[in-house]
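Q: Straight from Swiss-Prot, here's the annotation block:
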{"type": "BINDING", "residues": "CYS64, CYS65, CYS129, CYS159", "note": "[4Fe-4S] cluster binding site"}
Amino acid sequence: MGVSTPVIVPRGGAPVPPGPDQDLILGQVAREIEEKGFVLSNVDSLVNWARAGSLWPMTFGLACCALEMIHCACARYDLDRFGTVFRPSPRQSDVMIVAGTLTNKMAPALRKVYDQMAEPRWVISMGSCANGGGYYHYSYSVVRGCDRIVPVDIYVPGCPPTSEALLYGVLQLQKKIKRTGALYR
């Protein structure tokens with residue numbers, strides 16, 4: 001078994017391959033430890049990296065889009081490989097995927113479940129019905145977009161959207177989490 005040399009990535013830059021440039025960076029870190037006794041770093045980026053790699057979505061399947069959401073968790077697309085594990089409880093999850101038609105009677109329940117989720121929390125709106133009412137937009141009993149009830153971070157278009165589209169939405173959410181600069185939203 002071989003031992004691999006770590007690749008250093010300076011903040012905001014490209015990875016530095018093993019060699020003299022990496023030795024310079026390691027030398028600077030070693031000098032800083034000798035002079036000050038500690039190294040200053042950004043904890044936010046580490047925490048956001050960990051959060052992005054371990055999303056726990058709560059399924060809020062309301063209509064036919066929920067089938068595509070379930071399909072995305074099965075063997076072909078396997079969201080588990082991205083650290084995404086579906087949770088049945090809002091207290092255990094940090095992402096809510098709203099999939100399907102949101103009615104006026106269901107809107108208070110959606111808000112209640114959202115409020116039960118711990119901070120920081122994110123919402124993915126999946127499908128035309130969740131995004132803006134979809135086919136039932138002009139019905140008296142349909143909310144014209146779940147963003148009127150909860151703040152939405154990622155919109156996944158389609159009727160119903162494919163599993164690939166939801167997978168792309170999850171990857172976009174991971175990028176968004178890594179970009180944020182605060183520990184709390």
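Glycine is no exception: its Cβ is also placed from the backbone N, Cα and C atoms.
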Q: Residues near the [4Fe-4S] cluster site, CYS64, CYS65, CYS129, CYS159 excluded, by Cβ within 8 Å of the Cβ center?
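A: So the extra residues in range turn out to be ALA63, ALA99, GLY100, THR101, MET126, GLY127, SER128, ALA130, GLY134, GLY158, PRO160, PRO161.
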Q: Are there any residues at least 6 positions away along the chain from CYS129 ([4Fe-4S] cluster binding site) with a Cβ closer than 8 Å to its Cβ? List them or say none.
A: LEU62, ALA63, CYS65, GLY100, THR101, LEU102, TYR135, TYR136, VAL142, CYS159
Q: Just name the winner among CYS64, CYS65, CYS159 (the binding-site residues) by count of other CB atoms within 10 A of its CB.
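A: Max Cβ neighbours within 10 Å, all protein chains included: CYS65.
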Q: Does DSSP give CYS159 ([4Fe-4S] cluster binding site) helix, strand or coil?
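A: The three-state answer is coil.
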